[in-house]
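Swiss-Prot lists H76 with the feature active site, tele-phosphohistidine intermediate, giving a curator's inference as the kind of evidence. The domain 'PTS EIIA type-3' annotation in Swiss-Prot covers 2-100 and rests on sequence analysis. For H76, the entry in Swiss-Prot reads phosphohistidine, with the evidence type sequence analysis.
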Amino acid sequence: MQTYEQTVFQLILHGGNGRSYAMEAITAAKKGEFAEARRLLEQAGAELQAAHGLQTALLQQEASGGQPVVTLLMVHAQDHLMTAITVKDLAAEFVELYEALKRQTTES
């Protein structure tokens, strides 16, 4: 069983990985590598899903009567995760945008 701190660090790890994959997806799309961009977005999604699972476990623990421990590290982890989710959502939009721009320039 993981300790509370280990769980918090796992949130940070998966959030950071998800954000990194999302940023790499934007870079790939900018180069016209759309299949790679979509693959990277899927990896970002998998990382963020893992983080969400950890977050859900913490919420269930609190809902079943466990006392929540709110440390600065936990606040940082939650901020890190929410930022990563936003970056992933925006990255998906960027990939679509770069793909549309590529189609427009090849049709012209």
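Here the Cβ of each residue, glycine as well, is placed from N, Cα and C on the backbone.
It should be emphasised that the depicted structure is a prediction, and the values quoted were computed from it without experimental measurement.
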All-chain count of other Cβ atoms within 10 Å of the residue listed as 'active site, tele-phosphohistidine intermediate': 14
According to DSSP, folded down to helix, strand and coil, what is the residue listed as 'active site, tele-phosphohistidine intermediate'? helix
Three-state composition of the domain 'PTS EIIA type-3' (2-100), taking helix and strand from DSSP: 86 helix, 0 strand, 13 coil
